[in-house]
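Here's the structure, in structure tokens; my notes come after.
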């Protein structure tokens, strides 16, 4: 059930380090766990997909289910492209040496490729050989055939793993969920033996409390919780609908949340061990270049200046020969700066970590293992996305029951593949950032807010508590009551308002890879043109707009029906009654035995 995104900026603690733990665990405690319990309980109680579940709670909340379904569709469109990149790197990991370890020659074969020489081999392979990126979002570029083939392969794998819905997904998840733990453990053991690993771990767990003043940190923590737990996507409601009616969903929610967070923390240790190794290696190279320059300038014995006594020598020479030292233009070598460079900006997976792998002994084997792990993690996330799309469609009356699951799953994957071809264009990575920033953040906050409000104040928290008691055997305690009623909706509202305020304060912009930019290899900061900004707003609003539209539609329909004297108001559902005569698509007989036990 847990979603683990391998996108650069969504890796836990990637920017704010130890300080990120504070807002992260606050969001987990008062937002993540309560919402996770609510969705698991709702799906288990009603045994329906997201659309029918919320329509059963109240017809006015039917738009919440439609909105979550739309988010799953939008995320599925672009997320498999991330797996496409992973597959491309995995295929290239079998080359010796690794293709991102050295710059290629120019066309005349008289020197290195200029773009690669001015940046790095790792950057060149990512931006030019993988993405073939355009200098701005308005230039579409051409379709990249290697990405199209990898994209087709990724959707074929997703189709085979979800060909019959939960029946095949449940089997595939054992591999995609367990294998990454094995690889992480191998990386952990090896990473801790690398020089500089302790510096990387110290960097991870040393909090920079000044970052807590930045609202963006709190927003990142809140959205990280949504992605890691798959909240508001609809997939959790669909998955939990297959649980036994008497399953302890409260225990599941707490267990899943804790295991998910501990896994994120566990994964960050080998990651920062390797990044500490990369930073230390870069720091040593910087010192060695400076030492060689000083030895040559002052004609000193070769081993007279070492890394250990470099600082003492610099202090002595600065006081005795300040003009000569200034003329050498020595680089500033600071380990802290190298650590900051290792975890800032985009590209942690495809730039920073691949660069670190080059420096490791047996780099090809480590690259293969690393990208297999990423593919498994991404594939398990796609299962949740597809289930959030697949299950509601099976339950909607617009889909004929005669259509086989295999055919429906194939149609969904084929349509997603065709639409996702736009992400294989030269500007595709810019559009993935747009989809991720707007379709995968604001709608989740809005949908989750209405989920909590719908259960707490429309369906009523007392009635929901009785349903939970019927399923688990105990009434939700004070923690659940307070978070569902007050803390969770208030926190979601604050985060949403903070996001809107940040967007208003600063115009939406993006970082473009432009070799002609005077500051290259630094990225060029550009503002989105109006038509692209309109698409950004559309992506953020589209899933949310279904909430008021469906409510308005049902209100008008209710007003028309109320004029009919023969119209009888529908009874409010009961969790126990909902399970008594229910027959799940996977089952052949109604659940009668459970209903007799009170």
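First residue shown is number 1, and so on along the chain.
Placed from the backbone N, Cα and C atoms, the Cβ positions cover glycine too.
Note on TrEMBL: of 1-19, 20-38, the range annotated with the feature transmembrane segment is 20-38. Per TrEMBL, the range carrying the annotation transmembrane segment out of 407-432, 563-588 is 407-432. Note on the transmembrane segment (482-504): residues 27, 30-31, 33-35, 38, 215-216, 218-219, 222, 441-442, 445-446, 448-449, 452-453, 455-456, 461, 464, 476 of its chain, located 6 or more positions outside it, place their CB under 8 angstroms from a CB of the stretch. Note on residue 381 (Na(+) binding site): other Cβ atoms within 10 Å of its Cβ, all shown chains, come to 27. Among the recorded stretches 20-38, 217-239, 365-386, 438-461, the one sharing the largest number of Cβ pairs closer than 8 Å with the transmembrane segment (173-197) is 365-386. Stretch with the largest number of CB pairs closer than 8 A to the transmembrane segment (217-239), among 59-79, 365-386, 407-432, 531-556: 59-79. Using a cut-off of 8 Å between Cβ atoms, the transmembrane segment (438-461) and the transmembrane segment (143-161) share fewer than three residue pairs, counting only pairs 6 or more apart in sequence.
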